[in-house]
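> The structure that follows is given in the form of structure tokens.
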Amino acid sequence: MESQIWVVSTLLISIVLIVLTIVKLKFHPFLALLLASFFVGAMMGMGPLEMVNAIESGIGGTLGFLAAVIGLGTILGKMMEVSGAAERIGLTLQRCRWLSADVIMVLVGLICGITLFVEVGVVLLIPLAFSIAKKTNTSLLKLAIPLCTALMAVHCVVPPHPAALFVANKLGADIGTVIVYGLLVGLIASLVGGPLFLRLLGNRLPFKPVPAEFSNLDVREESTLPSLGATLFTVLLPIGLMLVKTVAELNMAKGGTLYTVLEFIGNPITAMFIAVFVAYYMLGIRRQMGMGVLLTHTENGFGSIANILLIIGAGGAFNAILKSSGLADSLAVILSNLDMHPILLA
């Protein structure tokens, strides 16, 4: 009984330590997670070198797969940004007269959010919301809420975004299947959090006009944007390749040449690698961007993911300490004895 209390107390204190050091002491999450890792290791009786080795293996094991995919996804998102591909999707959907403005913003956020980090998507697509709000005399809130909801939903549950990719990788889930279900869940969540929310409570929201300083802010000239076909092909190519791998695993005998080829090109790293060079050509070189310009855009994009990679790596270290110290196994035994539904436990 005392050992169980010790295990639970150690875990709870480590979580409180992470929160307090980040919120109150303004530690970077990377440092806070490492501090919590050392704390758990010490409390569970791990030796100093054992803790260091566990942290090292945790960071390496976590980033070995994720760093490559996130890095390639960042390049793809950067090409969407600098080429105007995201605006092309928005302008095309804007012409669909049978869709309401809030549903259009959901679809824009959903499609563009596949390759864009949420904060980049907001900065890149909010001028489109400004433009529609100004033309239709619609409250900016009724456009911004669906857009941001969709961007956030995709960012949370659809690979190759970091959180969804990390969970799928740890659980050994097929990435293609996770993408399909993630997009479905993301669409439903976006429609509930956007259009449905506005239908139920939209009248209680104040009318928010476009800020005066942004009243003349317009999206890029349509003639300068890439074609819709090139845009959609680039965005959907990695998803298509990963789905081909999923279909092959479900319907083909393992070991054949074709199966091996499909497994190779459908691997998330390979699929994203292929998509990056397609994006370089379709959204860059064809539009008179030289390799020097593409290199600059690529380097600029990498600066935004340093924080993400470090935090994910530190999370992997914390996870490794929980396992190596025996805390994870002890906690599993304690929780298995509770008469509680797994969803509630989670």
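Placed from the backbone N, Cα and C atoms, the Cβ positions cover glycine too.
Where the annotation comes from TrEMBL, it is an automatic prediction and has not been curated.
Pasting the feature list from TrEMBL:
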TRANSMEM  6-23  transmembrane segment
TRANSMEM  30-47  transmembrane segment
TRANSMEM  59-77  transmembrane segment
TRANSMEM  98-131  transmembrane segment
TRANSMEM  143-166  transmembrane segment
TRANSMEM  178-198  transmembrane segment
TRANSMEM  225-244  transmembrane segment
TRANSMEM  256-282  transmembrane segment
TRANSMEM  302-322  transmembrane segment
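Buried or exposed, and what's around them? Tell me for each listed feature.
Tertiary neighbourhood of the transmembrane segment (6-23): same-chain residues 29, 31-33, 35-36, 39-40, 43-44, 318, 322, 327, 330-331, 334, selected by CB-CB distance under 8 Å and a gap of 6+ residues from either end.
Listed as Cβ neighbours of the transmembrane segment (30-47) (distance under 8 Å, sequence separation of 6 or more from its ends, same chain) are residues 6, 10-11, 13-15, 17-18, 21-22, 54-55, 58, 307, 310-311, 313-315, 317-318, 320-322, 324-327.
Distant neighbours of the transmembrane segment (98-131): 73-74, 76-77, 80-81, 86-87, 89-91, 138, 140, 142-155, 158, 161, 183, 186-187, 190-191, 194-195, 198, 210, 214, 217-219, 232, 235, 239, 304; these residues of the same chain sit at least 6 beyond its ends, with a Cβ under 8 Å from one of its Cβ atoms.
Only residues 6 or more beyond the boundaries of the transmembrane segment (256-282), in the same chain, are considered here, and those with a CB under 8 A from a CB of the stretch are 65, 68-69, 72-73, 75-76, 79-80, 159-160, 165, 175-176, 226, 230, 233-234, 237-238, 241-246, 248-249, 294.
Remote same-chain partners of the transmembrane segment (302-322), defined as residues 6 or more beyond its termini with a Cβ less than 8 Å from a stretch Cβ, comprise 11, 14, 28-34, 36-38, 40-41, 46, 51, 54-59, 61-63, 66-67, 70-71, 74, 117, 120, 162, 166, 328, 331.
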